[in-house]
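So that you can see what the record holds, here are the features copied from TrEMBL:
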DOMAIN    37-219  domain '3-hydroxyacyl-CoA dehydrogenase NAD binding'
BINDING   Gly41, Ala42, Gly43, Gln44, Met45, Gly46, Asp65, Glu124, Lys129, Ser151, Asn184, Lys315  NAD(+) binding site
SITE      His181  site 'Important for catalytic activity'
DOMAIN    227-323  domain '3-hydroxyacyl-CoA dehydrogenase C-terminal'
Amino acid sequence: MAFIMSARQALHLGNRLNVRYYSSAVKHEGARDVKRLGVVGAGQMGLGIALVAAMKAQVPVTLVDSNQKSLEKGLVFADQLLAKQVAKEKLTQSQSDAARALLSPTTSIDALHEADFIIEAVPEIPSLKFELFSRLASIAPSHAVLATNTSSISITRIAAATNDPSNPLDTSNSSRVVATHFMNPVPVQKGVEIISGLQTSQSTLATAVAFCEKMGKIVSYSVDSPGFLANRILMPYINEAIICLESGVGDRDSIDAIMKNGTNVPMGPLQLADFIGLDTCLAIMNVLHTETGDSKYRASVLLKNYVAAGWLGKKSGKGFYEYAKK
């Protein structure tokens, strides 16, 4: 017999699973104004987030990276993106100059003491994120939202890293942790996943939603489950394509061509993996496999070998395709 769930039953189940349903009238309830953004990590994701915030939300952005060369490289990339926007007449030169002036690069994380909203965009390494959020909790103003751009790691666990070990029931820090999972490349992709942990407050969630929309993004919601929505669907698809290559079901060009020409996606799964970064794909698959215990999320041997060889995709110059180094 088929079981049909009523709206009331669905809402009750959603509450038990920490799913938060929104009507247009309440989704911004308790949202706070963001006057300065902080971004940690000046890689492709962090720089993209910072630049879109400057262009769309028009807020000052403190961009932090411990590596001065990464900051310099990121800002060169920002200049190139802004120049393209001007060339395509999507921005005027004065708008481009204004957006660029809003970016303040620094190697000092202490510079985030004035930020109202901080987005972490560091590599997908749990211990690195836990350590960073513990530090952010002590640096950021008490009202500041602490957001992670993680694509797979539990928000509840990241939030727990902000707690005082001597008083784990105090959620004054963990309640302001939320996930804002932007899609890559941030200046192009409109989607963002919002994920709350068990500790996340309504005000934190509402502020995250309001600010992401101010950045011109279309918000989707996911529960705090491994991989959330985007990568729970996307990464097994990419991994299966790599297994098809590994086992000889098809060659690289055939695999990508059939998905591009048969499903109307802009690029095939192997090229997409190269653009995401094969190390990132492997890290996400490892989280999915470890956290769920399900063998369907076991990473391809070929994916592991490519990462071990340093063939990480576009950023390293070689992955499933080869790329000219700039």
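For all residues, glycine too, the Cβ spot is worked out from N, Cα and C.
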Next on the checklist: Taking 10 A as the limit, how many CB atoms besides its own sit near the CB of Asp65 (NAD(+) binding site)?
Outcome noted: 24
Checklist entry - Any idea what the Cα distance is from His181 (site 'Important for catalytic activity') over to Asp65 (NAD(+) binding site), rounded to a whole Å? => result 19
Item to check | Greatest C-beta neighbour count within 10 angstroms, which of the binding-site residues Gly43, Met45, Lys129, Asn184 | outcome: Met45
Item to check | C-beta crowding around His181 (site 'Important for catalytic activity'), within 10 angstroms | outcome: 23
Item to check | Span of the NAD(+) site, taken as the largest CA to CA distance across Gly41, Ala42, Gly43, Gln44, Met45, Gly46, Asp65, Glu124, Lys129, Ser151, Asn184, Lys315 (Å, rounded to a whole number) | outcome: 22
Next on the checklist: Going by DSSP assignments with H, G and I as helix and E and B as strand, what are the residue counts for the domain '3-hydroxyacyl-CoA dehydrogenase C-terminal' (227-323)?
Outcome noted: 63 helix, 3 strand, 31 coil
Item to check | the domain '3-hydroxyacyl-CoA dehydrogenase C-terminal' (227-323) [mean pLDDT, rounded to integer] | outcome: 96
